[in-house]
Amino acid sequence: MGPILVLLVLLSLLEAGSANYDPCLDFDPENCTLTFAPDTSRICGVLIKCGWECRSVEITHNNKTWNNTLSTTWEPGVPQWYTVSVRGPDGSIRISNNTFIFSKMCDLAMFMSKQYSLWPPSKDNIVTFSIAYCLCACLLTALLCVCIHLLVTTRIKNANNKEKMP
């Protein structure tokens with residue numbers, strides 16, 4: 001009885017330790033994703049996402065600070081670096097200054113948008129996108145209805161065939 005009790009106590013201690021595991025210990029502050037989109041003809045929208053598994057991540061860019069996700073803008077003259085800081089369980093802070101080529105990515109996003117006539121938004125674009133969206137939604141709905149119809153008819157056929165077999 002005694003060894004079993006000791007074993008149970010040890011297992012409960014190990015379980016409590018794994019439940020208190022801090023994902024911020026393994027978090028890499030340089031592993032962030034950046035998304036770019038044209039905001040105006042000169043300003044570029046930037047979305048920086050870092051570590052959803054770690055709540056104590058702070059992202060700072062151009063005097064804006066936010067947890068895990070920061071939506072900001074970039075224009076010529078704004079710094080091309082952002083800071084990611086992670087607070088450890090002991091209170092220590094790891095800081096990483098990440099430099100990124102905002103100017104090149106924003107130029108590329110603007111070029112692609114203008115290349116395919118997606119920027120600047122116009123009444124014609126909005127109408128075209130709305131029509132395309134409605135047509136795709138109708139097509140997907142029709143496809144779903146056909147699939148459900150085929151599923152029901154084949155099940156009924158298979159059920160009738162099984163009943164007729166001796």
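Every residue, even glycine, has its Cβ placed from backbone N, Cα and C.
Annotated disulfide bond per Swiss-Prot: CYS32-CYS50 (among others), in sequence order, evidence recorded as similarity to another entry. A 10 Å cutoff on Cβ-Cβ distances gives CYS32 (disulfide bond) a total of 20 other Cβ atoms nearby, all chains included.
Its Cβ placed at the centre, CYS106 (disulfide bond) has 24 other Cβ atoms within 10 Å. Under the DSSP three-state reduction, CYS106 (disulfide bond) is assigned to helix. The annotation disulfide bond is assigned in Swiss-Prot to CYS44-CYS106 (among others).
The feature N-linked glycosylation site is assigned by Swiss-Prot to ASN31 (among others). Neighbour count (other Cβ atoms within 10 Å of the Cβ, all protein chains): 11 for ASN31 (N-linked glycosylation site).
Around ASN63 (N-linked glycosylation site), a 10 Å sphere centred on its CB holds 8 further CB atoms from the protein chains shown. The N-linked glycosylation site feature in Swiss-Prot is assigned to ASN63 (among others); the stated evidence is sequence analysis.
Taken from Swiss-Prot, the feature N-linked glycosylation site covers ASN67 (among others). In the three-state DSSP assignment, the secondary structure recorded for ASN67 (N-linked glycosylation site) is strand. Long-range Cβ contacts of ASN67 (N-linked glycosylation site) within its own chain (separation 6+, distance under 8 Å): ARG55, SER56, VAL57, GLU58, ILE59.
Per Swiss-Prot, the feature N-linked glycosylation site maps to ASN97 (among others); the stated evidence is sequence analysis. Every protein chain considered, the tally of other Cβ atoms within 10 Å of the Cβ of ASN97 (N-linked glycosylation site) stands at 12.
Taken from Swiss-Prot, the feature motif 'Di-lysine motif' covers 162-166. Mean pLDDT, taken over the motif 'Di-lysine motif' (162-166), works out to 63 on the 0 to 100 scale.
The signal peptide annotation in Swiss-Prot covers 1-19.
For 20-131, the entry in Swiss-Prot reads topological domain 'Lumenal'.
According to Swiss-Prot, the transmembrane segment annotation covers 132-152, on the basis of sequence analysis.
Near ASN31 (N-linked glycosylation site), with the C-alpha within 10 Å of its C-alpha, lie none of the recorded positions CYS44, ASN63, ASN97, CYS106.
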